[in-house]
Amino acid sequence: MSFDATAAAISARTLAPFRKRLNSTALTALLLAATATGASADGRYFMAPLVPGGPMQMTDDLEKAAASWVTTEFTDTGVLSKLLAQYAYAFGARGQGARIGVMDGGLWTGHDEFTRQKIENIHSEGKFEITLHNAGGKPFAKAGDSFSVDGLWYGPTDLVPLMDRHPQFTAGTILARRNGTGSHGIAFDSTIYVAQSGELIYKDEQGSLDNNVIEAKEKDPELFRQSMQELVKAGAQVILLEMQLLPKPRNADTQGWFVDLMRQYAGGKGGTLLTAMEDAAKAGVVHVVAAGNYNPDTPWIAAALPVFRPELEKSWIAVVEDETKSNPCGPARFFCIAGYSNIYAPTTEADEYDIYTGTSGASAVTAASMGVLLSRYPYLQATAVRDILLTTAKDIGDPGVDAKTGWGLIDLKKSMSGPAQFLGRFEANLPAGLSDTWSNAISQDVLSQRRQEDSKEISDWDKKKEERGWQSGVTEAQTKINLVKDFGGSRLVAAEDLIKAVLKLTPPGTSISALGQLISAQEVLKADPIATGIWKGFTAKYTKWSSSKTALADYTSFRASAEGANNVIIDAILSDRVVADTMENEITQTRINAHPRPTMPA
């Protein structure tokens with residue numbers, strides 16, 4: 001039995017009545033053959049052209065068609081066979097018609113792989129919001145100075161004087177030319193729009209951005225906003241970016257994942273950077289955002305923003321990689337996917353290639369995969385195509401959507417057969433008289449998983465509000481009561497253990513390993529508000545130690561003194577704690593009020 005979707009709006013809430021007819025059935029949509037060009041003869045699937053760019057023959061044999069796309073160039077690219085991209089190409093989905101925005105550090109199009117490819121420059125103008133510095137620490141552009149920059153890199157006289165491999169890798173992963181040599185892009189027939197993010201404008205830490213809490217690495221907020229706006233104006237359906245905002249998410253074992261992400265969000269909420277991303281999402285763009293590398297408990301806030309703004313979730317894909325150095329999906333797991341890395345891609349010489357790794361590579365793979373799916377489903381909005389990408393991913397790790405890899409690994413073969421779950425309202429707007437077949441079985445496994453997790457989060461939050469006395473909001477009096485309790489129980493013992501762990505490693509000496517251990521211990525200490533409060537008072541009095549023995553002795557003396565007494569420290573940190581508790585209460589309550597997510601129609 002087929003389900004007429006000519007003007008259909010399929011709701012996850014109405015899924016159950018249609019389950020029997022949707023499982024392994026056809027869903028009317030757009031005839032794929034109508035979207036492909038240069039095809040001849042009869043058949044459902046596209047054979048690779050005998051000459052790159054030449055006409056394509058048709059066949060009814062899917063395996064034969066898929067095999068025709070597997071060339072030496074295809075295999076050398078590395079990631080294409082893992083994605084099962086040959087099946088997408090057999091379906092006629094090569095990225096044609098897809099518009100992919102790339103926010104990066106300036107693309108040089110002189111590489112052979114970019115010859116005759118569809119690459120559009122995005123020009124951005126405005127005034128710098130912050131003062132930028134060169135690698136030597138000297139300012140070369142002051143806040144208020146005008147900028148006029150292109151997304152393409154033309155030479156050392158550019159605002160970005162150095163050509164970087166990163167944008168070369170990114171663009172090559174998406175649309176390197178299919179020409180029989182080197183490598184070719186995943187969505188090699190797509191169009192990319194390249195905008196300047198400000199990457200590599202300078203090489204040292206910059207000053208405060210949106211306020212005194214949040215900073216960004218190598219990006220001017222106003223330049224970023226202008227570039228984002230221009231990408232939206234150009235018609236980008238997907239925007240690929242990575243953005244690191246400080247404070248960096250730590251291994252927050254003491255307080256859990258929410259503390260670090262909350263600090264990042266609260267610092268940047270309403271600021272130029274995150275607002276630019278929000279505005280693009282509201283315009284229908286899907287953001288593909290790298291989760292970051294090197295294994296803290298959480299992704300960066302730019303990847304996890306819908307944790308705090310649930311209404312943006314339908315427009316977000318957080319990306320981890322399939323290797324070990326990636327940050328996990330964590331709280332972003334329900335809109336997170338694992339992209340493959342180790343991509344053979346063009347670099348900064350006209351005929352040279354290298355291996356592209358990390359979540360930067362994985363997110364480029366994901367954006368390119370979105371391009372392939374946009375060409376497979378040109379009648380769907382980018383947000384609906386995002387749902388297909390997620391729900392057809394190959395489940396790895398723990399069953400269901402998990403905190404490490406989210407939905408799992410991208411599977412372009414399965415994604416050719418429509419969604420595997422409905423996550424919310426799903427609209428297919430079709431031209432009259434055209435059809436397509438969706439044949440994936442439809443389940444509601446993740447919807448059920450999410451309802452259970454949401455219910456537990458609501459229950460846990462109700463308990464915490466009762467324990468902390470927050471039922472009617474946060475007050476200074478109640479905060480002080482809570483601090484007194486904390487300083488009189490196991491949390492104080494744990495906090496002091498964290499401080500002593502740092503002091504035992506102080507000073508670290510010349511060993512890189514010892515220095516790394518000290519830094520790790522300091523990061524854990526900073527994640528604990530009690531330890532941080534005591535540490536602040538202690539280091540205000542004692543600043544240098546000749547050995548860990550003297551450091552521990554000084555700490556013992558400090559805690560025995562009047563200025564190291566619990567009540568003195570409580571009074572010193574009370575105002576900061578009120579601010580932190582208020583922030584946690586308001587932000588968490590907003591999340592809780594949004595459950596269940598995403599919002600379902602009646």
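Note that Cβ sites are derived from N, Cα and C of the backbone, with glycine treated the same way.
All annotation found in TrEMBL is predicted automatically rather than curated by experts.
Database features, via TrEMBL:
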ACT_SITE  ASP104  active site, charge relay system
ACT_SITE  HIS166  active site, charge relay system
ACT_SITE  SER360  active site, charge relay system
DOMAIN    95-408  domain 'Peptidase S8/S53'
SIGNAL    1-41  signal peptide
Other CB atoms, at most 10 A from the CB of ASP104 (active site, charge relay system): 27
Sequence gap of 6 or more, Cβ distance under 8 Å: name the residues on the same chain that satisfy this around SER360 (active site, charge relay system), in order along the sequence. HIS166, PHE169, THR170, GLU242, ALA290
PLDDT averaged over every residue in the domain 'Peptidase S8/S53' (95-408): 83
Neighbouring CB atoms within 10 angstroms of the CB of HIS166 (active site, charge relay system), all protein chains considered, total 20
Give the three-state DSSP assignment (helix, strand or coil) for ASP104 (active site, charge relay system). strand
